[in-house]
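Q: Pasting a structure below so you can have a look.
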Amino acid sequence: QPQKKMASQLEGATDLDKLHNLCKKTHKEQAVWFLNAFWDDFGKDEAEKCWIFVEQCEKIDNAGKAGNELDEMEAHRFLEKADEAHTVLEMRSRLRKTGAIGENERPKTVPLSHYLLFKFDDKNTNLFHELVTRTQGDNQKQIEEAQAKLDAVSKAFEEAASTAAAAAAALKEAQSTEAIAKAAEADALAAEASALAAENDAKAREADARAKEADAKEKEAAAKAKEADARAAESAAQKKDTAAKASAESARTREAAAKESAAELAIKEEELRASQAELEAALAEVKKQEDAYNQKTATLTAKSEDESLGVVTRNRTKNELAQHLAEDPLPLRQAKITAEAAVRKAEKATKAAAEAKEAAEADAVKAGEARAAADADANAASAARAAAEDAAAQATAAREAAEASARAAEAARAAAEDAAAQATAAREEAERKRAA
């Protein structure tokens with residue numbers, strides 16, 4: 001209420017202390033103090049606006065008419081209702097520059113006096129100082145005018161509020177009816193849209209399931225073809241392995257036979273060489289005897305013709321020579337001829353045996369090489385068969401997995417078709433309900 005007693009001032013040693021005491025008053029008391037201080041300056045023109053600020057603070061403040069300040073969230077709501085474009089931080093920054101908020105102060109609440117100082121800052125360059133230092137109560141006439149104006153504004157505001165409440169109730173009822181209808185329509189549209197979206201999604205899943213099923217069946221066919229190729233390769237590898245092992249066994253048999261033949265020919269060669277040696281020794285003995293015979297003939301002939309010897313010696317020698325020459329040389333010559341023929345025959349036989357042995361040894365070497373090659377082929381064929389068997393097993397597993405995937409894809413496709421059908425039915429039902 002405007003002051004009707006003796007002039008009064010705010011307590012406090014400094015302007016800031018005085019403002020703190022002012023801010024302890026209720027929202028209405030702070031507004032009255034502000035209007036009293038500046039009634040002649042601009043207060044009478046801003047009284048209605050200040051009363052609206054008071055009403056808004058009392059509605060927002062949980063303490064109602066007994067309240068004296070707003071917390072930061074409440075202050076933001078107040079600024080919104082006052083169509084204030086500035087924020088609480090901006091307001092405090094400007095007040096701090098005027099001294100209405102101390103440099104070290106970090107207030108958590110906003111009293112109405114802070115907002116009034118901020119709102120009407122352009123009305124007076126020394127607004128803060130004069131607000132807390134101007135004496136209240138010595139302008140009774142102006143105060144009564146302000147009170148009357150505030151009462152009139154309050155009554156008008158209450159009447160307007162009552163009228164607005166009735167209008168708001170009617171509007172609310174109309175809006176409620178309209179809102180129900182719109183909500184029903186919106187729900188129907190939403191249900192239809194949801195059903196359509198579900199149908200589209202189900203159809204997309206169905207198309208995806210069909211594509212996956214086709215891909216799975218294609219992979220299944222490829223896996224079966226690969227398995228067939230692997231089984232054919234396995235069969236061919238097994239046949240090649242069997243043939244290679246048979247070839248290796250045959251090569252080992254030929255090698256053994258060749259080695260056996262070479263060994264027998266080597267023995268025969270040795271026997272022939274021994275026989276040849278005996279014949280050559282016999283021939284040498286015959287030649288030795290022939291040489292001795294010829295040597296004796298030559299010696300006796302020379303001695304019988306040597307004039308240096310006596311007649312008796314020469315005659316005796318001639319007689320001995322005649323006896324020597326009278327001996328039959330045919331057996332010796334025959335033995336020589338026979339021995340030479342036997343030696344030549346033995347040489348031929350030995351040479352033939354040696355050549356046969358060399359040929360047999362060469363055959364044995366070739367047979368050994370063939371056997372080694374056949375063994376290598378057999379080993380390679382065995383490895384190829386093992387690899388083919390493993391590949392065939394893997395191909396079979398892949399085929400079985402592909403068949404399982406195909407079955408799963410087929411089931412998923414069937415489920416997707418069913419879901420699409422249900423979604424289509426739901427969408428059609430939603431359209432029917434909205435049309436009704």
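A Cβ is built for glycine as well, from the same backbone N, Cα and C atoms used for every other residue.
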Q: Which range is it, out of 6-41, 222-257, 258-293, that shows up in TrEMBL as region 'Disordered'?
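A: Matching range for region 'Disordered': 222-257.
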Q: Could you count the residues of the compositional bias 'Low complexity' (375-425) that DSSP puts in helix, in strand and in coil?
A: 51 helix, 0 strand, 0 coil
Q: Counting only CB pairs under 8 A, let me know which of 351-374, 375-425, 426-436 has the most with the compositional bias 'Basic and acidic residues' (222-243).
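A: Comparing 351-374, 375-425, 426-436: 375-425 has the most Cβ pairs near the compositional bias 'Basic and acidic residues' (222-243).
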Q: Determine how many residues of the domain 'Calcium-regulated actin-bundling protein C-terminal' (280-366) DSSP places in helix, in strand and in coil.
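A: Tallying H, G and I as helix, E and B as strand, the rest coil: 78 helix, 0 strand, 9 coil.
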